[in-house]
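Feature annotations, courtesy of TrEMBL:
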- 85, 105, 107: Mg(2+) 1 binding site (BINDING)
- 105, 108, 262: Mg(2+) 2 binding site (BINDING)
- 108, 109, 110, 111, 198, 256: substrate binding site (BINDING)
- 13-184: domain 'Fructose-1-6-bisphosphatase class I N-terminal' (DOMAIN)
- 194-303: domain 'Fructose-1-6-bisphosphatase class 1 C-terminal' (DOMAIN)
Ligand code: AHG
Ligand code: MN
Ligand code: MN
Ligand code: MN
């Protein structure tokens with residue numbers, strides 16, 4: 001395949017201002033990738049000491065990544081506001097006519113930062129419909145997303161992008177620090193007996209899923225993986241198939257994952273790759289958000305396996 005970089009690929013037929021937003025996200029992630037790869041040498045490990053709006057103790061890399069994303073996106077005149085896992089509220093840029101909003105999880109998989117396991121950055125681009133760009137402007141269903149994706153900081157640094165009805169992957173060339181198109185269209189394989197889930201929660205999942213998953217695993221017909229970084233577990237699923245489960249629990253009906261900057265961007269990637277994503281019986285991309293940091297139960301991937309696991313029952 002001839003080598004084409006992200007900028008040239010976007011220039012072919014993407015709207016120029018949307019392309020600039022995606023390129024700025026990618027540039028921010030190259031900066032984050034440098035910090036990740038330096039680890040202890042770049043002062044990127046350990047705790048920052050503060051507690052974020054989620055009630056989580058922030059890691060230094062959560063804070064550093066958030067600042068990098070905010071600075072880079074805040075400098076793009078096409079962006080009216082950003083929302084971040086690490087910000088209590090939307091951050092507006094006094095640009096009432098700017099066409100885009102960007103929600104992001106600057107560092108996904110924080111529990112893996114200090115143990116050298118794959119982590120990432122997740123982003124979601126929404127239309128800004130004019131006026132004040134506060135929290136409420138972001139409360140749009142995931143089907144409104146104009147683009148979404150993640151950058152995975154693993155053995156390779158990869159950009160997975162949902163745009164124009166397709167999911168495609170770019171891989172960072174370390175020598176030039178440019179993202180090169182390596183997968184023109186990701187189509188998730190069917191029939192893979194793989195369940196991505198943290199099974200320490202199995203007994204607390206809603207009953208139908210819990211029993212169905214236990215039957216698959218105890219029966220020896222299905223395998224299980226759990227990295228603990230959503231981007232890593234989803235990246236495996238997009239390439240190899242299977243499902244990703246973080247359902248609601250009897251003690252946490254809305255589960256753990258955040259709708260606006262984790263579930264919606266991932267759900268668009270998965271939908272474009274032939275999969276589906278649900279919260280109970282509801283399709284994730286159809287959910288009307290009520291609050292900026294709203295959590296939902298999340299079951300995503302191979303539609304047939306999701307049915308076998310009774311995630312919509
Ligand atoms: P974040 O690090 O951005 O807070 O997200 C962590 C999320 C997600 O990446 C992962 O799938 C999930 O938390 C893991 O949860 P458990 O540690 O409960 O398995
Ligand atoms: Mn996350
Ligand atoms: Mn995070
Ligand atoms: Mn977090």
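Cβ coordinates come from backbone N, Cα and C, glycine included.
Separating the Cα atoms of residue 110 (substrate binding site) and residue 85 (Mg(2+) 1 binding site) is a whole-number distance of 12 Å.
The Cβ centroid of 108, 109, 110, 111, 198, 256 marks the substrate site; residues of that chain outside this set whose Cβ lies within 8 Å of it are 112, 228, 229, 230, given in sequence order. Among the binding-site residues 198, 256, 262, the ones whose Cα sits within 10 Å of the Cα of residue 85 (Mg(2+) 1 binding site) are 262. The 6 Å Cβ screen around ligand 4 retains 110 from the binding-site residues 107, 108, 110, 256, 262, ordered by sequence position. Under 6 Å, Cβ to nearest atom of ligand 2: this is the test, and of the binding-site residues 107, 110, 198, 256 it is passed by none. Restricting the binding-site residues 111, 198, 256 to those with a CA within 10 Å of the CA of residue 105 (Mg(2+) 1 binding site) leaves an empty set. Counted within 10 Å of its Cβ, the other Cβ atoms near residue 108 (Mg(2+) 2 binding site) come to 29, all protein chains included. Taking DSSP states H, G and I as helix and E and B as strand, the domain 'Fructose-1-6-bisphosphatase class 1 C-terminal' (194-303) has 47 helix, 25 strand, 38 coil. A 10 Å radius around the C-alpha of residue 198 (substrate binding site) takes in none of the binding-site residues listed as 107, 108, 262. Following the DSSP three-state reduction, the secondary structure of residue 110 (substrate binding site) is helix. Classification of residue 85 (Mg(2+) 1 binding site) by DSSP places it in coil, neither helical nor stranded. For ligand 1, the nearby binding-site residues are 105, 109, 198; that is, of 105, 109, 198, 262, these have a C-beta under 6 Å from one of its atoms. Neighbour counts of Cβ atoms within 10 Å were compared for the binding-site residues 110, 111, 198, and the top value is held by 110.
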